């Protein structure tokens, strides 16, 4: 005889088998969508079949829209010039036709897209910017035609003017520069069997010499290898080019400071005058003695004394006169 506990366990096993069979049938048939699962206390709570989530097998393929073909702009420089002209006009400036220097027109590929512009509307009562709604958040005013729009709507005449200006710029554009034909270079076969020698125009070899040690600078060097002197404007150039560069050559540094050379001058004697009454030295530039008030005169002592010219010897003078007289007599005869 079975106990009540064993009977309850048998009922639960039978119930679980029924539930599992129902799930299998629902998965196979896929007839309808079941409701969401209920609480675990309810005996029957079928889950939503997986087939309901997935679409039917005959699934139509989504249509693939062809991507817009890129537009090739061959007049990119003119487009940039027109944009610059509009930007200048926005800030009250004027762009002359010859001021804009654009690069050579290069074909540019761009995908054509619709132009999107952020438009703002302002309430004409309280000057508040409208949000996504058409009602002002400040004064609850419904947007009307009096409310200003920024940027202002472009009229048809303005569009025609922009197109005309663009066509005018394109008409003013000169023809593209044709590439120069490749010149044939004169070559001479190498004597050693290496690369052919190419004829090149003669170039002047320029040498720079250090003005301190007379050492020739290395090519493309600005520092002397002998005295470490930085090449300056004083360093001579061979051949010179003073007509084009009178104040030094490009890349030269300022010359270092050099003290002026010392020149020999004859020593000058300082002359002093001494008062003959009180033996006081006169001050420089004064003619009155600072001690006794005596003015300079012939008796004032001079230090050093003034040199006096020596008188000629009378005997030598007599001989010279006799010789001159004899010359005159001989000339008269």
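From the backbone N, Cα and C atoms, a Cβ is placed for every residue, glycine too.
Quick look at what TrEMBL lists:
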COMPBIAS  27-38  compositional bias 'Low complexity'
COMPBIAS  296-319  compositional bias 'Basic and acidic residues'
REGION    1-73  region 'Disordered'
REGION    171-201  region 'Disordered'
REGION    288-319  region 'Disordered'
Counts of helix, strand and coil residues, the compositional bias 'Basic and acidic residues' (296-319), according to DSSP: 6 helix, 3 strand, 15 coil
Helix, strand and coil counts within the region 'Disordered' (171-201) (DSSP): 2 helix, 4 strand, 25 coil
